[in-house]
Amino acid sequence: MSETKPKYNYVNNKELLQAIIDWKTELANNKDPNKVVRQNDTIGLAIMLIAEGLSKRFNFSGYTQSWKQEMIADGIEASIKGLHNFDETKYKNPHAYITQACFNAFVQRIKKERKEVAKKYSYFVHNVYDSRDDDMVALVDETFIQDIYDKMTHYEESTYRTPGAEKKSVVDDSPSLDFLYEAND
């Protein structure tokens, strides 16, 4: 008979939930406002493993290692800051909560990094590169400059909202049963 291998989960959700419950109980019992109740190592290790695992997801595979390290750091920070909001009486899946906090932090980091890259490109195009200087034109490849222009305009277009982009109220054009309520003459 074939024996199934146990599935390896890098974070045990039940142990993590129990650690969070213990930490929040200790936090609630803390009477001294100057005393900081630290999260234990189980929670910290789980947050680090979840952030590291999420960085390997296909959504984030194309980013450089430096961006990924920044994303992981932001994810860990967001998870630690927001873990006190986790309602252990209502939800039993802290892994999903931490993953969502990390995911949102990753997306915010990507937006921030893209904005910084757009600033660098804009500075280069407007202050460094001079198309009227023959020496500069000879040094710089035209496809490189065109690529920078394309990336810069793509970012600028993504930040502007078109006037018709606001959410409109949905008008229900589906057939109604109002004709049943009309009074017969």
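Each Cβ is built from the backbone N, Cα and C atoms, and glycine gets one as well.
Taken from Swiss-Prot as is:
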- Glu70: site 'Interaction with host RNAP' (SITE)
- Asp74: site 'Interaction with host RNAP' (SITE)
- Glu77: site 'Interaction with host RNAP' (SITE)
- 114-153: region 'Chaperons the template-strand ssDNA of the transcription bubble' (REGION)
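For the recorded sites Glu70, Glu77, the ranking by surrounding Cβ atoms (within 10 Å, all protein chains) places Glu70 first.
It is 11 Å from the Cα atom of Glu77 (site 'Interaction with host RNAP') to that of Glu70 (site 'Interaction with host RNAP'). Model confidence over the region 'Chaperons the template-strand ssDNA of the transcription bubble' (114-153) stands at 76, taken as the mean pLDDT rounded to a whole number.
Asp74 (site 'Interaction with host RNAP'): 21 other CB atoms within 10 A of its CB, across all protein chains.
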